[in-house]
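Visitor: Sharing a structure, written as structure tokens. Questions coming.
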Amino acid sequence: MVAVKIDGKAFAETVRGDLAKHVEQLQREHGITPGLAVILVGEDPASEVYVRNKGKQTRECGMASFEHKLEATSSEAELLDLIGSLNADPAVHGILVQLPLPAHIDSDKILNAIDPAKDVDGFHVSNVGLLGTGQKAMVPCTPLGCLMLLRHHHGKLDGLNAVVIGRSNIVGKPMAQLLLRDNCTVTIAHSRSRDLQNIVRSADIVIAAVGRPEIVTGAWIKAGATVIDVGINRVERDGRKKLVGDVNFESAAEVASAITPVPGGVGPMTIACLLANTLTACCRARGLPEPLGLTA
Ligand SMILES: Nc1nc(=O)c2c([nH]1)NC[C@@H]1CN(c3ccc(C(=O)N[C@@H](CCC(=O)O)C(=O)O)cc3)C=[N+]21
């Protein structure tokens, strides 16, 4: 292995430590506690793990965590009602509706019902438009976490070739916007791109967010590239369940100069950025300065 392993878990702990200090100051000077509401519909076991981790880390940072679990059979109207009451609740500064939602619920309608100022996932169409036009927005947590790791390990990104594999609203598209804002030359590729390998081989920065276990191998990576692996794939290897990314770590690490592992890379940064967005939303709601300057 020649690449540096980018330790997202450690970096996320540092970010959460900074957040906790700001939260404590907000409480001490203004008597305000930032609050995050998480809505989970149905019983997906993987989703429950995320919800539990988010709740625990929210409280550890000194913020208030409100968890709402609805039955998988809940109606769209029930969910809209709950969002309406959270929009109106001054103790709630951030609202996250865990995705995916059951098939009978229209996700776009739900996401667009969240007050954009409380939309800590940055999925509301108005935040998407603000980000795309370079205005102050709520920025989606996973791409923001990737950007923080890239800036930390790479410094300035100006003029670099960045290839984003994946075109989802959650990761690929907002990631491309953030990289453009940092002056990269950005290509969005995806599972149907012709000659995907050669596109990826042109990249100084590779963001793999395509949802295919270990599709990107060392043979696809330009020597010295930085590789950010967003994939979270549960697979069975040698009769054991295992978490792997969209990148084959061993082979890519022989060629890249830096690479994130799965787990312990992007995942923990996603949660740290969710908490950062909640603090930002709280400060904006109260007309206080934003302590982090990450989220605009
Ligand atoms: N509205 C919405 N916003 C999301 O941001 C969102 C969502 N829905 N639905 C599900 C996905 C997935 N996601 C993860 C966050 C953290 C880890 C994470 O912390 N992973 C750890 C450990 C994972 C494990 O061991 O199970 C790691 O990679 O090291 C993983 C996955 C957020 N998502």
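Cβ from N, Cα, C; glycine included.
Heads up, here are the entries from TrEMBL:
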- G166, R167, S168, I232: NADP(+) binding site (BINDING)
- 6-121: domain 'Tetrahydrofolate dehydrogenase/cyclohydrolase catalytic' (DOMAIN)
- 140-284: domain 'Tetrahydrofolate dehydrogenase/cyclohydrolase NAD(P)-binding' (DOMAIN)
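Each of the listed features needs to be described in terms of its position in the shown structure.
Guide: Around R167 (NADP(+) binding site), the same-chain residues at least 6 positions away in sequence with a Cβ under 8 Å from its Cβ are K173, I188, H190. Look at R167 (NADP(+) binding site): DSSP puts it in coil.
Mean pLDDT for the domain 'Tetrahydrofolate dehydrogenase/cyclohydrolase catalytic' (6-121) in this predicted model: 96.
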Visitor: Could you tally the C-beta atoms, other than its own, that fall within 10 angstroms of the C-beta of S168 (NADP(+) binding site)?
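Guide: There are 17 of them.
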Visitor: So, by DSSP, how many helix, strand and coil residues make up the domain 'Tetrahydrofolate dehydrogenase/cyclohydrolase catalytic' (6-121)?
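Guide: Its residues divide into 60 helix, 18 strand, 38 coil.
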